[in-house]
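Undergrad: Take this structure, written in structure tokens, and hold onto it; I'll ask about it next.
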């Protein structure tokens, strides 16, 4: 193993992705065929092969990443979770609802613990220049940030909206109440997302390591909330237009129902078919717009505040919301038109763009490359969690 990561430029190192769409297409095609033939059993191996191709073709200063996870480990994990789920349903259906719901509830409650163990496994299976990544954090804190806090915030938002609705309906009427409460709900969800994601960033950033070196991060909660609220507010104009287009449909359907002519609903749908399809289009467009803005805001906030080895190495993300938006639109539209055949090329194109806008800043020559000798945990919880791959929109 090399003792240092060699570099000509010790200040700014851009990730380079060398993957090819044609090769990735062959991998995806073989994976799809084998997954269909095996009725889905091959899916974990397919996932590992796709991820391994992405990792091994991603280089930092001419050093490729490595990914050593196995499809067998993921398959056993998914199988164990599936068995627990089936057993709980079987208990409910065969006269033991208390025991069945308890088992199912426990499975839901330990999802944060499984996410942590899944992150540990994925980190240990990822390496750069022979040095493995790692992840450790408090299980109690993970459960609070990933499960309890979001649930409590959503309950609090529901209570606040319910109390406000009692006032707005009496003062401004039904239409005003719907619009006002809709706007408040969007803002409230943005605030909840901002608080939750800021805690997740802190948990993940301060819990990760590269060999013997620790990552660290300081996230401004207000900045995270502002980014999430602005992302959610992009939904509002779409919601207004969709409501304007779809309101006549519901109004006419209610009138037909009151007149006892509900059977004419089919003809009514045909009459408003264009407006209904426009609503579907605007709905999916709104999702892409929100996803683009939210992903860019969170990714830039996370990477631009992340550091390694006592701030000697820092990271920078320069992706833009408009760049992400039009790329996602191209991915969805062309993938849909080609029935998914173009997706491998588009995925490689998107990953390459993300790599070009990700930099590592610092003197990599002086970074000691020594593995953390802590072995991979082999507990039952780890076995059941290896197939859990939590998605964080800021990575």
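Using the three backbone atoms N, Cα and C, a Cβ is placed for every residue, glycine included.
These came from Swiss-Prot, pasted as-is:
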- 1-24: topological domain 'Cytoplasmic' (TOPO_DOM)
- 25-45: transmembrane segment (TRANSMEM)
- 46-71: topological domain 'Periplasmic' (TOPO_DOM)
- 72-92: transmembrane segment (TRANSMEM)
- 96-116: transmembrane segment (TRANSMEM)
- 117-146: topological domain 'Periplasmic' (TOPO_DOM)
- 147-167: transmembrane segment (TRANSMEM)
- 169-189: transmembrane segment (TRANSMEM)
- 190-229: topological domain 'Periplasmic' (TOPO_DOM)
- 230-250: transmembrane segment (TRANSMEM)
- 251-275: topological domain 'Cytoplasmic' (TOPO_DOM)
- 276-296: transmembrane segment (TRANSMEM)
- 297-327: topological domain 'Periplasmic' (TOPO_DOM)
- 328-348: transmembrane segment (TRANSMEM)
- 349-395: topological domain 'Cytoplasmic' (TOPO_DOM)
Undergrad: Would the transmembrane segment (328-348) and the transmembrane segment (72-92) count as touching if the test is at least 3 Cβ pairs under 8 Å, pairs 6 or more apart?
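TA: No, the transmembrane segment (328-348) does not contact the transmembrane segment (72-92).
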Undergrad: Taking all residues of the topological domain 'Cytoplasmic' (251-275) together, what is their mean pLDDT?
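TA: That region's mean pLDDT is 71.
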Undergrad: Out of 25-45, 147-167, 276-296, which stretch has the largest tally of CB pairs under 8 angstroms to the transmembrane segment (96-116)?
TA: 147-167
Undergrad: By a Cβ-Cβ criterion of under 8 Å, what residues six or more beyond either terminus of the topological domain 'Periplasmic' (190-229) are in contact with it?
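TA: Residues packing against the topological domain 'Periplasmic' (190-229) from afar: 119, 123, 128, 131-137, 141-142, 145-146, 149-150, 153-154, 157, 294, 297-298, 301-302, 305-311, 313, 367-372, 392-395.
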Undergrad: Do any residues of this chain, six or more beyond the ends of the topological domain 'Periplasmic' (297-327), have a C-beta under 8 angstroms from a C-beta of it, and if so which?
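TA: Same-chain contacts beyond the ends: 197, 201, 205, 210, 213-220, 223-224, 227-228, 230-231, 288-289, 349-350, 353-354, 357-364, 366-367, 393-395.
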Undergrad: Looking only at residues six or more beyond either end of the topological domain 'Periplasmic' (117-146), which have a C-beta under 8 A from one in the stretch?
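TA: Tertiary neighbours of the topological domain 'Periplasmic' (117-146) are 1-2, 5, 55, 60, 63-69, 73, 111, 196, 199-200, 203-204, 206-211, 369-372, 374, 376-377, 381-382, 385-390.
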Undergrad: Six or more residues beyond either end and a Cβ under 8 Å away: which residues meet both conditions relative to the transmembrane segment (147-167)?
TA: 109, 111-112, 177, 180-181, 184-185, 188-189, 192, 195-196, 199
Undergrad: Residues sitting near the topological domain 'Periplasmic' (46-71): Cβ under 8 Å, six or more positions beyond its termini, same chain?
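TA: Sequence-distant neighbours of the topological domain 'Periplasmic' (46-71): 5-7, 13, 15-19, 23-24, 27-28, 31-32, 34-35, 121-122, 125-129, 351, 355, 360, 364, 386, 389.
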Undergrad: Determine how many residues of the topological domain 'Periplasmic' (117-146) DSSP places in helix, in strand and in coil.
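TA: The breakdown for the topological domain 'Periplasmic' (117-146) reads 16 helix, 8 strand, 6 coil.
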